[in-house]
Amino acid sequence: MDGNCPARQLKVSLADANAIVSQEELAREAIKHALKALRKRHLLEEVAHAPAYIALSRPIIFQGSEWKEKAENLELELQQCYKAQSRLSEQLVVEVAESRASKAALEEKETAFTDLQKELAQTRDECSQLKVDLEEKIKALELVVSENHSLRKQLEEMIVKAKNAEAENKILVDRWMLQKMQDAERLNEANALYEEMVDRLKASGLEKLAQQQVDGVVRQSEDGAECFVESTVPAACKRKITAHEGGCASIMFEYNSSKLISGGQDRSIKMWDTNTGSLIRTLYGCLGSVLDLSLTHDNRSVIAASSSNNLYVWDANSGRVRHTLTGHIDKVCAVDVSKISSRHVVSAAYDRTIKVWDLQKGYCTSTIVFHSNCNALCFSTDGMTICSGHVDGNLRLWDIHTGKLLSEVAAHSLAITSICLSKNGNVVLTSGRDNLHNLFDMRSLEVCSTLRATGNRVASNWSRSCMSPDDNYVAAGSADGSVYIWSISKADIVSTLKEHTSSVLCCSWSGLGKPLATADKNGIMYTWA
């Protein structure tokens with residue numbers, strides 16, 4: 001609307017201009033006719049009126065030129081108006097096209113808006129449906145939760161009932177097991193009593209066979225005398241055996257055999273044939289250094305005391321571990337088996353305890369606690385008494401059943417390192433760090449004899465000495481590598497054996513009378529004959 005207003009005004013001004021021009025033309029023509037008439041009529045007066053004519057014609061001419069200029073200006077304005085009109089028309093065309101495009105876009109948007117409204121309506125419907133479903137699910141969940149709570153309460157009640165039933169069942173099982181154990185104990189006690197009676201009968205027979213004459217020879221008229229012969233004084237090295245790495249702390253012969261058993265710091269137990277020096281079998285399973293060895297009187301089981309705080313029991317024939325006896329809380333340094341039964345074992349450890357074990361049951365039956373650690377121990381011949389040698393230098397006797405101290409004696413000024421019982425069980429040999437070897441009467445604990453030697457120095461707290469099977473000689477190792485042999489009757493040295501290059505830790509005499517075996521800190525064993 002605003003763009004068309006200048007054009008209309010331009011058209012009105014042009015019409016006015018044309019009307020003015022036509023009036024001027026008519027006026028001119030009238031003036032011309034009037035001039036001709038005046039010229040004709042007043043030809044004479046023309047000269048007179050020339051100045052007036054000139055004066056009259058000058059304004060008209062001047063006014064016509066002004067009108068002409070105005071017309072030209074109006075034409076120029078008209079042209080400019082046409083140009084503006086053309087530009088406006090082009091703009092109008094562009095705006096129309098843009099309007100159409102906007103209209104099309106608007107229609108598309110309206111269509112999309114309609115579609116979105118439809119989708120929104122559909123989504124609202126779905127949302128309302130989902131709300132309905134959610135409400136149903138919530139109701140179902142609440143129902144399930146309530147059922148769960150009720151089930152939990154029932155489960156807790158059932159658990160309480162089950163625990164009560166389990167406790168009652170455990171009590172019944174414990175009662176049943178206790179009854180079974182009591183029955184088994186009664187049966188084992190009956191069997192043990194029977195075995196002890198049989199073993200005592202056998203031991204009494206062997207004790208009679210072991211009664212020796214003054215010269216140490218068994219009476220040949222007695223049955224079984226061929227198992228006991230006169231011991232000979234060893235004078236020369238028979239065989240050298242490299243047995244263990246890191247030292248050999250314990251050796252012993254099988255009963256009435258030349259087979260030798262050794263235990264060392266390499267955690268192994270080895271069985272040797274001393275006639276040939278060959279290795280028969282190696283027993284594995286020990287988790288610490290072997291500090292002491294013992295053997296049942298039937299040669300079927302080997303027991304080792306270990307620095308791993310445990311005792312290990314092997315089957316000598318199969319080489320398998322039968323038991324691992326646990327209960328000590330420090331290294332076990334001594335072990336022995338009853339002379340009349342293969343069932344009872346006694347051990348000593350550096351936890352200040354002495355424990356009695358039942359090999360049939362595989363556990364400790366009693367414990368003796370004392371203020372001084374025990375370095376060595378052994379059973380009496382009747383299996384009723386335990387002899388123990390302690391760090392405080394005292395020799396003590398204990399009742400195996402009650403664990404009571406029967407008697408004690410100050411045997412050495414320093415720690416006792418070894419205890420060895422004679423064949424007849426009447427004399428016990430003790431060795432100490434005071435470098436003395438004492439023989440005590442088992443019945444009175446009086447000193448029968450004291451053995452000493454210049455240069456003889458006990459090497460460690462667990463240096464083991466031994467007596468010959470005929471109870472005539474004592475053998476003990478020294479820290480300088482020497483082995484000293486004393487005659488008990490003479491209380492003097494009868495032989496000194498020198499082959500070891502390090503401290504001798506243990507000695508063992510074969511029950512056949514020979515050979516004597518010794519072992520040192522380097523793990524080397526020698527047999528002497």
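Backbone N, Cα and C define each Cβ position, glycine as well.
The domain 'Autophagy-related protein 16' feature in TrEMBL is assigned to 68-188. For the domain 'Autophagy-related protein 16' (68-188), the mean pLDDT of the prediction comes to 88.
Annotation comment: TrEMBL describes 71-204 as coiled coil.
The DSSP breakdown of the repeat 'WD' (241-282), given as helix, strand and coil counts, is 0 helix, 24 strand, 18 coil. The repeat 'WD' annotation in TrEMBL covers 241-282 (among others).
Remote same-chain residues near the repeat 'WD' (283-324) are listed as 246-247, 249-252, 254-255, 257, 261-265, 267-271, 330-337, 339-340, 342, 345, 347, 349, 357, 359, 362, 376, 462, 464 (criterion: CB distance under 8 Å, separation of at least six residues from the stretch ends). The repeat 'WD' annotation in TrEMBL covers 283-324 (among others).
Taken from TrEMBL, the feature repeat 'WD' covers 325-367 (among others).
Under 8 Å from some Cβ of the repeat 'WD' (376-408) lie the Cβ atoms of residues 196, 199-200, 203, 207, 292, 333-341, 344, 346-348, 354, 356, 366-368, 370, 414-421, 424-425, 428, 430, 432, 434, 440, 442, 445, 461-462, 464, all in the same chain and six or more residues away from its ends. The feature repeat 'WD' is assigned by TrEMBL to 376-408 (among others).
Residues annotated as repeat 'WD' in TrEMBL: 409-450 (among others).
If you look up TrEMBL, you'll see 468-496 (among others) marked as repeat 'WD'. Cβ atoms under 8 Å from those of the repeat 'WD' (468-496) belong to residues 212, 216-217, 228-231, 233-235, 418, 422-424, 427, 429, 431, 437, 439, 449-451, 453, 455-459, 502-507, 509-513, 516, 518, 520, 528 of the same chain, restricted to positions at least 6 beyond its ends.
Per TrEMBL, repeat 'WD' is recorded for 497-529 (among others). The helix, strand and coil residue counts that DSSP assigns across the repeat 'WD' (497-529) are 0 helix, 18 strand, 15 coil.
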Summary of DSSP states over the repeat 'WD' (283-324), given as helix, strand and coil counts: 0 helix, 22 strand, 20 coil
Which bits of the chain, at least 6 residues beyond where the repeat 'WD' (497-529) starts or stops, bring a Cβ under 8 A of a Cβ in it? 227-232, 234-253, 255-258, 260, 262, 264-266, 272, 274, 277, 459-460, 462-470, 473, 475-485
Across the repeat 'WD' (409-450), what are the DSSP residue counts per state (helix, strand, coil)? 0 helix, 23 strand, 19 coil
